[in-house]
């Protein structure tokens, strides 16, 4: 009877080992995906960060990159701990899983909170940023971001093209008789911003605020979904690890 129980325990341990190994392979790929989403946000979608008053959007992307790297390292460690049957490595693996779980939950919560606050932040700060920093020395990032925003989303001004009348760049005379930046034009040519007409200038209801808000909210949904989704999957990893740890402990007695 004792021999049967021993074989049963050994069989259970082997099953858990292969289950955890399969999980770690999938987990490593998930880490790659998490890191890719973070890098994608930073590298391709960071042009508009200079237009945001809060650094929350940037922080969520950095958290995902860090979490992705740690996930990939943890996945390799998990495979080693599983096949070497080292309980101390399993303990370390569990702790790392817990840390990653918390990081991704934090990223998901930050994305959700910022999602709720985004509209208020843009209404309070975007117009001020555009009219005070556009084409001003030391704010080249804002200038490039505004030009790209207006061209990519076919909008002009924070709320509408009339916002540019309050621009320090326009009022200072440096705009060379322009009433709006050239990036407001449907067909951009040098000096096209001197003529504010519907046939020439983008007239979008809600202005660039609504366009930028929709853009960022879409990416916040991706960041939040990835963070929370992978965190939920990690719960299974922690359960498998605890089961294998307990199984190895029983075999030593």
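Keep in mind that glycine also has a Cβ here, set from the backbone N, Cα and C atoms.
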Residue pair residue 80, residue 248: same membrane side in Swiss-Prot: yes
Given ranges 19-39, 124-144, the stretch to which Swiss-Prot attaches the annotation transmembrane segment: 19-39
Spatially closest candidate among 15, 242, 243, the listed recorded sites, to residue 159 (N-linked glycosylation site) (Cα to Cα): 242
Spatial separation of residue 243 (S-palmitoyl cysteine) from residue 15 (S-palmitoyl cysteine) - C-alpha basis, Å: 11
Structural state of residue 15 (S-palmitoyl cysteine), classified by DSSP into three states: helix
Surrounding residues of the transmembrane segment (92-112) on its own chain - C-beta under 8 Å, 6+ positions past either end: 34, 56, 59-60, 63-64, 66-67, 70-71, 73-74, 77-78, 81, 220-221, 223-225, 227-228, 230-231, 234-235, 237-238, 241-242, 245
For residue 242 (S-palmitoyl cysteine), the three-state class that DSSP assigns: helix
